[in-house]
């Protein structure tokens with residue numbers, strides 16, 4: 001009964017906020033359209049946001065990972081990390097509801113304030129955890145945004161190679177800077193829906209086009225051939241299902257955030273229906289050729305269907321850039337003291353400095369594919385897997401904390417003992433395999449890219465006659 005009362009408190013406060021914000025407005029046609037396309041906070045909005053944000057440009061690098069891992073390992077790692085990612089997203093949602101309920105009992109008002117992961121850690125575990133969470137989350141989101149810019153340049157080049165990839169990065173950096181005008185995750189309703197449509201099209205295009213193309217002459221499937229390639233591919237998949245660095249912000253945008261628990265798992269199941277067929281089909285068709293082509297679109301012949309896939313992925317990468325950058329905007333706003341202002345223009349202007357280092361880093365390290373694995377091993381491993389699992393265990397370490405927990409462990413796990421066993425496994429596995437072996441392999445591969453192509457390279461993995 002206690003948990004039911006708490007649930008009502010959490011949902012009730014948020015619904016009150018929504019009524020004041022939405023229903024107080026005049027029901028003009030403009031307001032109705034805004035509500036339909038712009039202002040979302042339902043379970044479906046959260047599912048679209050999680051699904052759209054999770055797959056993103058990594059869809060194009062998974063065949064590259066399969067060439068490093070081999071077909072069997074590629075499939076198994078997707079299933080394994082998909083399940084593990086869903087588990088830690090669940091842990092984050094439990095900690096969010098715990099934190100928010102405690103604060104709302106203290107009459108804290110979140111009307112003009114977006115709760116973020118580092119604040120959850122601060123409220124439950126103190127400033128040291130806050131600082132650790134802030135460092136890893138912000139650094140991951142920074143490089144996540146960098147990856148989207150690199151992906152934009154890599155994709156557009158396959159439609160228009162009159163400009164080199166570095167020049168395209170300059171152009172798309174300016175385009176992505178317009179995301180400063182999107183206030184919060186409430187306002188991604190139509191973008192999340194369209195983003196998922198776009199990645200669904202691209203995934204099935206890759207699958208069907210590869211099957212129609214057939215295997216290239218003398219195709220070889222030698223993966224896994226070296227330890228470096230194997231663990232580099234594995235950490236790219238770790239990165240794939242580690243898109244919930246924005247989980248707290250997506251939850252906060254929901255009318256009833258306690259309903260988030262299974263959303264990420266449902267999103268992961270859908271994403272697997274896109275990633276498994278596309279990565280398998282492209283690897284089957286092109287084999288080891290993918291080792292030197294981290295973008296799957298590079299190997300398929302140019303057709304109208306491929307051009308559509310490129311354009312849709314470009315639009316989607318703009319959306320995903322916004323997803324990754326918006327939490328950084330919030331952190332920056334709070335730092336300079338403009339987060340709670342109601343002036344959209346003032347907030348947008350304040351956000352612009354955040355885009356500059358992202359733009360610069362995308363020009364320095366344009367290594368589409370290898371950078372995913374590096375970010376996955378060094379940042380995602382802690383941000384998405386290790387820190388949530390440790391934070392959950394420490395938060396509920398005492399007997400009173402477990403007795404008064406808002407969300408109790410699922411019964412099928414065997415109570416708190418089973419939950420702690422799973423969390424300990426996640427921490428040990430990700431630290432040894434993801435961060436340890438994965439970090440070593442990814443850094444070796446990343447340094448190899450720098451030695452081969454150099455920093456600030458003008459056109460990464462472009463055909464030689466075009467450079």
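Glycine too: its Cβ is placed from the backbone N, Cα and C atoms.
Look at TrEMBL and you will find 39-430 tagged as domain 'Amino acid transporter transmembrane'.
Annotation comment: TrEMBL describes 75-97 (among others) as transmembrane segment.
The annotation transmembrane segment is assigned in TrEMBL to 134-156 (among others).
Sequence-distant neighbours of the transmembrane segment (168-186) (same chain, 6+ residues past either end, Cβ-Cβ under 8 Å): 38-41, 49, 114, 145, 148-150, 152-153, 156-157, 246, 249-250, 252-253, 314, 318, 321-323, 325-326, 329-330, 344, 347-349, 351-352, 354-355, 358-359, 362-363, 366. Taken from TrEMBL, the feature transmembrane segment covers 168-186 (among others).
Residues or ranges marked as transmembrane segment in TrEMBL: 193-216 (among others).
Taken from TrEMBL, the feature transmembrane segment covers 228-250 (among others).
TrEMBL lists 262-286 (among others) with the feature transmembrane segment. Through the fold, the transmembrane segment (262-286) approaches residues 43, 46-47, 50-51, 54-55, 59, 62-63, 65-67, 71, 74-75, 78-79, 82-83, 85-86, 89-90, 93, 199-200, 202-204, 206-208, 210-211, 213-216, 219, 221, 240-241, 244, 247, 293, 296, 299 of its own chain, all at least 6 residues removed from its boundaries and within a Cβ separation under 8 Å.
Per TrEMBL, transmembrane segment is recorded for 308-332 (among others). Away from its own ends, the transmembrane segment (308-332) comes close to residues 49, 52-53, 56-57, 59-60, 114, 116, 118, 134, 137-138, 141-142, 144-145, 148-149, 151-152, 155-156, 158-159, 172, 175-176, 179-180, 182, 184-185, 188, 191-192, 194-195, 198-199, 201-202, 205-206, 245-246, 249, 297, 339, 347, 350-351, 353-355, 358 of its chain (Cβ-Cβ under 8 Å, at least six residues beyond either end).
The feature transmembrane segment is assigned by TrEMBL to 352-369 (among others).
What TrEMBL records for 375-396 (among others) is transmembrane segment. The list of residues near the transmembrane segment (375-396) in space but at least 6 beyond its ends in sequence, with Cβ under 8 angstroms from a Cβ of it, reads 84-85, 88, 91-92, 94-95, 98, 121, 124-125, 129, 132-133, 136-137, 139-140, 143-144, 147, 235-236, 238-239, 242-245, 402, 405, 416, 419-420, 423-424, 426-427, 430-431, 434-435, 438-439, 441-443.
Per TrEMBL, the feature transmembrane segment maps to 417-437 (among others).
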